[in-house]
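Taken from TrEMBL as is:
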type	residues	note
BINDING	77, 79, 247, 321	Fe(3+) binding site
BINDING	77, 79, 247, 321	Zn(2+) binding site
BINDING	86, 149, 182, 250, 326	4-imidazolone-5-propanoate binding site
BINDING	149, 323, 325	N-formimidoyl-L-glutamate binding site
DOMAIN	271-409	domain 'Amidohydrolase-related'
Ligand SMILES: N=CN[C@@H](CCC(=O)O)C(=O)O
Ligand SMILES: [Zn+2]
């Protein structure tokens, strides 16, 4: 099966040679080819270049005159498997209650866990697939999904099995993360170490046996889990072949980034509260910092200091954090726009952060994230636009005409 795109106004994020991720000044360069063609064969990118070299054979062709093509968004941080919603808490926050106060009153993560525990696996799948289909239409071609709204063995495994079924049923790239250490459930209120031990001794072996996760995560935050807890979880994950990814520095900076780097975490995510030492410890490491501007927007908390971090030479990825509490949106177009408007990232930096760096943050950089021969043809075809700056400029009104996964229009 071949598919040819011709007369592409601009082919964006073209990487002839493989790159793992981009850091510092590299992030300001977004290579493109104007007046381009792109050839897809058997779901993979097989060739691209200037129109003067376009193949002339009889191939199924899409004329992209006036339109642009870029690799699909890579959303490396979501919690899109959840039951019900928390719009009441949203209203409570409008009325002056803080995220912390709501959580302390039985809302927050524990509220979602209660709902999820009472939801069947089939119903959870049905609710979650709607969200997955929605983000595919919004241009996402690779997504990481976490557990963490189960908080019992049964419910955590239910979440991970739903993620596995989504992966088997949809052409989008999916990675799964075990986030049992998302909050301490009420039954373990005075026995956090007992809860961690249950996650490690009881759940991890089943995850391994059924191959239910790629990564392990923990919410390292005041009133949730400490740096010592994070060390314990990351170490246990390693024993079961799970690479670490941590929620850190969302509300307080307590040394979570240092623990992540020490344990070769693939990513450290949130980063709304960054001290100089937190930026410094990330330099020259393979740990990707991930910013979640939709969460900052929704909770009205600080934005990750992207300028400071990129100017210090760090890489940065952007993700949605799609979840019912702090970011009930999986729209990467909004994330890219918000990163430009609120974090002062340039369109080039934001697009790099949402494609190649996002792919790295879920260890999918060999398959997605750039226009490179041999990568999956997971693509966004834009509407007619003047320049790629239009993508973040037209916030809340995305410029996507069609999306393709493995070369097929969805
Ligand atoms: N911060 C921790 N976890 C989620 C939010 C959880 C919730 O409020 O349901 C996040 O990444 O923002
Ligand atoms: Zn999260």
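In case you wondered, yes, glycine gets a Cβ from its N, Cα and C as well.
The structure displayed is predicted, hence computed values, not measured ones.
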- prompt: Taking the centroid of the Cβ atoms of 149, 323, 325 (N-formimidoyl-L-glutamate site), which other same-chain residues have Cβ within 8 Å of it?
  reply: 79, 82, 86, 109, 112, 148, 324, 326
- request: Can you tell me how spread out the N-formimidoyl-L-glutamate site is, meaning the largest CA to CA distance among 149, 323, 325, in Å?
  value: 11
- prompt: List, in sequence order, the same-chain residues at least six positions removed whose CB sits under 8 Å from that of residue 321 (Fe(3+) binding site)?
  reply: 77, 78, 79, 269, 270, 292, 294, 295, 327
Message: Nearest by CA distance to residue 86 (4-imidazolone-5-propanoate binding site): which of the binding-site residues is it, out of 247, 323, 325?
response: 325
Statement: Secondary structure of the domain 'Amidohydrolase-related' (271-409) by DSSP, residue by residue, totals 49 helix, 25 strand, 65 coil
- line: Neighbours of residue 247 (Fe(3+) binding site) among binding-site residues 182, 323, 325 (C-alpha cutoff 10 angstroms), in sequence order, are 182
- line: Listed in sequence order, the residues of the same chain lying six or more positions from residue 182 (4-imidazolone-5-propanoate binding site) whose CB sits under 8 Å from its CB are 109, 146, 147, 148, 149, 151, 217, 218, 219, 224
Query: Quick one: which of the binding-site residues (77, 86, 149) have their CB closer than 6 Å to ligand 1?
result: none
Statement: Within 10 angstroms of the C-beta of residue 77 (Fe(3+) binding site), the count of other C-beta atoms across all shown chains comes to 30
Query: Cβ within 8 Å of the Fe(3+) site's Cβ centroid: which residues qualify beyond 77, 79, 247, 321?
result: 78, 146, 269, 270, 292, 295, 319, 322, 323, 327
Query: So which one is it: of the binding-site residues 250, 326, which has the fewest other Cβ atoms within 10 Å?
result: 326
Task: Among the binding-site residues 86, 149, 250, 321, 326, name every one whose Cβ is found under 6 angstroms from ligand 2, counting any of its atoms.
output: 321
Task: Quick one: give me the count of other CB atoms within 10 A of the CB of residue 149 (4-imidazolone-5-propanoate binding site).
output: 31
Query: Around residue 325 (N-formimidoyl-L-glutamate binding site), which residues of its chain at least 6 apart sit with Cβ under 8 Å of its Cβ?
result: 86, 89, 99, 108, 109, 112
Field: Sparsest-packed among the binding-site residues, when each Cβ's other Cβ atoms within 10 Å are tallied, from 79, 86, 247
entry: 86
